[in-house]
Amino acid sequence: MVSTPPTLLMLFDDGDAGPSTGLVHREKSDAVNEEAHATSVPPHAPPQTLWLLDNFNIEDSYDRDAGPSTGPVHRERSDAVNEEAHATSIPPHAPPQTLWLLDNFNIEDSYDRDAGPSTSPIDREASHEVNEDAHATSAPPHVMVSPLQNRRPFDQFNNQPYDASAGPSTGPGKRGRGRPKGSKNGSRKPKKPKAYDNNSTDASAGPSSGLGKRRCGRPKGLKNRSRKPKKPKADDPNSKMVISCPDFDSRITEAERESGNQEIVDSILMRFDAVRRRLCQLNYRKDKILTASTNCMNLGVRTNMTRRIGPIPGVQVGDIFYYWCEMCLVGLHRNTAGGIDSLLAKESGVDGPAATSVVTSGKYDNETEDLETLIYSGHGGKPCDQVLQRGNRALEASVRRRNEVRVIRGELYNNEKVYIYDGLYLVSDCWQVTGKSGFKEYRFKLLRKPGQPPGYAIWKLVENLRNHELIDPRQGFILGDLSFGEEGLRVPLVNEVDEEDKTIPDDFDYIRSQCYSGMTNDVNVDSQSLVQSYIHQNCTCILKNCGQLPYHDNILVCRKPLIYECGGSCPTRMVETGLKLHLEVFKTSNCGWGLRSWDPIRAGTFICEFTGVSKTKEEVEEDDDYLFDTSRIYHSFRWNYEPELLCEDACEQVSEDANLPTQVLISAKEKGNVGRFMNHNCWPNVFWQPIEYDDNNGHIYVRIGLFAMKHIPPMTELTYDYGISCVEKTGEDEVIYKGKKICLCGSVKCRGSFG
């Protein structure tokens, strides 16, 4: 046999194939090679793959993450195995191993020092002894070396791991089991653990050896790193939120705060809306509604705080609300977020809860079979089945208890949500259905109690009138348009008191704007005000109105002694725009003709101008029932916002009393508009506001605008205070009002006379 030069053959185990005996020394590989050539009939052995590697770095061949390993074989252990192999004629069967042909191998790099326990690489002198023993053996063991199947340059090898247990393969195999995904057979430097704050971890999460994936028990979003404490937000100097104000007088007693009346309810709603309008005028960037309602609650501007079943003192059937928080402020619906309000068991006085009020917002599958019935959808669900708890449980309990439930219906008007109080209902039935979302939902049937004034029914009536203009077939219809085309909207005339009476009002000429009897009503305004620099589209409204426009979204913000409006094309003018509401003249039961609206009217809305003929005292007739006189005595009331509710100085309070330098007299007896049909009331829902008007011709006039004092439901009579001529004092606090006519308004504040 021709001897061959020694060739370095290395047996490698894949880290995933199980425990390995480590790396065989070079001289031992030479002995095995020579014995293999001397054997004529080699014994059967599993095929092995032979690879030729140049300049191979053995350190890259071992993966320290492959699992437990004994590291490179110790010298004594390697010698014992070698001697036993030479003494055996038939070598024992061993699992298939990969045979690598290595040149220029550096044994010092043949193991990873971090792989675990190891006896260090085999000494070279010890390897010589093993080699000499192998050559001295007379019967060398038969080892079969399969032919070289695949020779691949090392640069194409890419250090792909190979699983010896996978069977024969002609190339690198797929990553074996147990090796971490993405690991490579390269030398790795030990990673230094990152510093982290032990205080930032949860002690219940268990021990951890370092930075890793969040384990069970660790708070969601928590990371093993130190965090800088968050700095508290600085107070916003422009914030209008009020927490407390010791000097503020809410003008509401503790008893009135627990249980109110109509005067208190009206006052609270007007005060809240005044704050909201002021925030709109200031262009307050934060939530205006939330700020206004929170300030009112914090400073005690609220009533009916006691939860109760049944009617709410001061709230009438048919009253409207433009914001959810308004219902909370007056105690109609105390739940600030849910559509079902209820009493707890301890509050109701019996076992179990009881529903007190429900609000239909239009977002759910509520149905109305008729104007006296409501099918109400329970709360909860989406994306799960509704359960019988909280509000649903309270409504279900009300079926058995038969207690009254207040119903507030939400409707859209001009893209705004309006809530109508529809009175008291009884919950008659409860069942479950599958809703549009595919989940179980509760349904409750509510029946309206008879004998109540109409609420929601009025809303649906005027909705049909506005949308379809069903005027002619109406009960008591007389005339389709009392303005005879002068107004942009028709003004119908109806008499529902006596359908047989088709008499129309006294003969008069309908006019849209003020008529002056050959005189200029000069109010002695400084002439320099007419030569001001243009600020807002060539008008001087801002400067004349103390630097702020009087309107926001066509709503009056504050009452003032005098409001200035430019003529011509000024975009802020209101008087010259004409009617924007669907008004109608109707016959009242005891006060002649009256005026009402098909539309809901928000507080501060311009209704119409009181038009007529401007006169002097000498020109006024004694029996003129259609005379407007600014010199009369009027009941004072507070309508503007309170500075304390907006973190403003109390001295910034705007005066509301009219202070005209000259008396304004307007007679609508012969010429006028719909304003002439507005009746007197000692507790009105409309107030008048003097407006200075410039016709751009050097003439300045004072005109009278009529604005809504509070939210007015549709088909509610519109009234304002006519005032009285004189007052006699009978004591320090007692006065006698001496008007020309007897008052029949019937309000709780009726003075007995007017005019």
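Cβ coordinates are placed from backbone N, Cα and C, and glycine is handled just like the others.
Marked as DNA-binding region by Swiss-Prot: 174-186. As annotated by Swiss-Prot, S-adenosyl-L-methionine binding site applies to C591, G592, W593, D624, Y626, R676, N679, H680. According to Swiss-Prot, the feature compositional bias 'Basic and acidic residues' maps to 73-86, 122-135. Marked as compositional bias 'Basic residues' by Swiss-Prot: 174-193, 212-231. What Swiss-Prot records for 197-207 is compositional bias 'Polar residues'. Annotation comment: Swiss-Prot describes 310-448 as domain 'YDG', evidence class sequence analysis. Summarising the annotation, Swiss-Prot assigns domain 'Post-SET' to 739-755. Residues or ranges marked as region 'Disordered' by Swiss-Prot: 62-98, 111-243.
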DSSP-assigned states of the domain 'YDG' (310-448) in counts, ordered helix, strand, coil: 21 helix, 60 strand, 58 coil
Sequence-distant neighbours of D624 (S-adenosyl-L-methionine binding site) in its chain (C-beta under 8 A, six or more apart): S667, K669
Per DSSP, three-state class assigned to W593 (S-adenosyl-L-methionine binding site): strand
Sequence-distant neighbours of N679 (S-adenosyl-L-methionine binding site) in its chain (C-beta under 8 A, six or more apart): T588, C591, G592, G594, L595, E717, T719, C745
Site diameter for S-adenosyl-L-methionine, Å, by largest Cα distance between C591, G592, W593, D624, Y626, R676, N679, H680: 16
Which same-chain residues, if any, lie at least 6 apart from Y626 (S-adenosyl-L-methionine binding site) yet have Cβ under 8 Å of it: G612, S667, A668, K669, G672, R676
Integer average pLDDT (0 to 100) for the domain 'Post-SET' (739-755): 91
For H680 (S-adenosyl-L-methionine binding site), nearby residues of its own chain (Cβ under 8 Å, 6 or more apart in sequence): T719, Y720, D721, Y722, C743, C745, F754, G755
Cβ-Cβ neighbours of W593 (S-adenosyl-L-methionine binding site) (radius 10 Å): 18
Cβ neighbours of G592 (S-adenosyl-L-methionine binding site) where a neighbour is any other Cβ within 10 Å: 11
Greatest C-beta neighbour count within 10 angstroms, which of the binding-site residues C591, R676: R676
